[in-house]
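Under the heading active site, TrEMBL lists Asp74, His287. TrEMBL lists Cys77 with the feature active site, nucleophile. The site 'Linear diubiquitin binding' annotation in TrEMBL covers Glu262.
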Amino acid sequence: EEDMYRDAEEIEREKILLCDTSSSEYKLSVAPEMDIMEYCRKEWRGNTPVAKRMRKGYEAVAQKFASIRRVRGDNYCALRATLFQALSQATQLPSWLQSEDFIMLPENLLSKYDWIKQWQLKQKLGRKMGEISDEIKEYLMLLRRKWKNISEIKGSIEKQEACDKLFKNEEEEYSLYEALKFLMLNTAIELYNDDKNGRRVPVFSWLLFARDTSSNPCQLMRNHLNHIGHSGGLEQVEMFLLAYALQYTIQVYRLYKYSTDEFITLYPNDPEEDWPVVTLITEDDRHYNIPVRMCQETML
């Protein structure tokens, strides 16, 4: 029902229609929570095999989560859902965000890889090398600042309000996605170099660079990362890359895979024990929503 690969005009229309409440809410990227089974009944009324499978899938998710928050369905959807979940449960700044080298990342990479000058920032082309470096540095600093501020908020309600506020600010929100995409590029470069130097790399890294369109990090940037948010979303193998970039395990309920081994998929599938976990829901591997309010375990 949701098509994530639409033209800009359709995406604009959808932004306006997402929240059909007051006009002040139409820019909300993550809609208010609603009962998960109520949402399911509204979305999947028919008796087709697909509708029945979706309802069974939602029933299984409802054993663990009480509510769902709908995520705006543009091509930043996977980044938006993952970052929102990570921030809404953050209690500390991840070690990779504390690193002194973190802010110098754009400068360091551009000094080694001239092709990064072709990085496409927020649909603006033809920047000079210094401008790209400075702008990405600003986005990385914003990511660190927002993560730090939200992680320091003790109360869960206040933390949620801070996340809602951030994801209503389009300028900041989209800047954060540019930071995430650049971190994905950096992770891809590290994995590619590790493999070339005979170091052990995760299996998804081979798959990432086995594609005709991304046989090296430069092609990955040109043919995939530059298009995320504009003409395409994240593919499955790029969900692994996002998880590695953030050092988070992304657990996804893939509803159309209900009753198979892939119903609950982990990115990566052999996560580090100390990585925090965020949970998403998808009906089609293109659009992601957010389950919230974990149910209390009930004794039978």
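Note that Cβ sites are derived from N, Cα and C of the backbone, with glycine treated the same way.
What you see is a predicted model, and the numbers here were worked out from it, not measured in a lab.
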Review point. Does Glu262 (site 'Linear diubiquitin binding') have same-chain partners at least 6 apart in sequence with Cβ under 8 Å from its own Cβ, and which are they?
Key: Arg254
**Study point:** C-beta crowding around the residue listed as 'active site, nucleophile', within 10 angstroms
**Key:** 23
Point to revise | Euclidean distance between Cα atoms of the residue listed as 'active site, nucleophile' and His287 (active site), Å | key: 6
Study note, to complete from the structure: His287 (active site), Cβ-centred 10 Å count of other Cβ atoms over all protein chains shown, is 22
Point to revise | Asp74 (active site) CB neighbourhood, other CB atoms within 10 A | key: 21
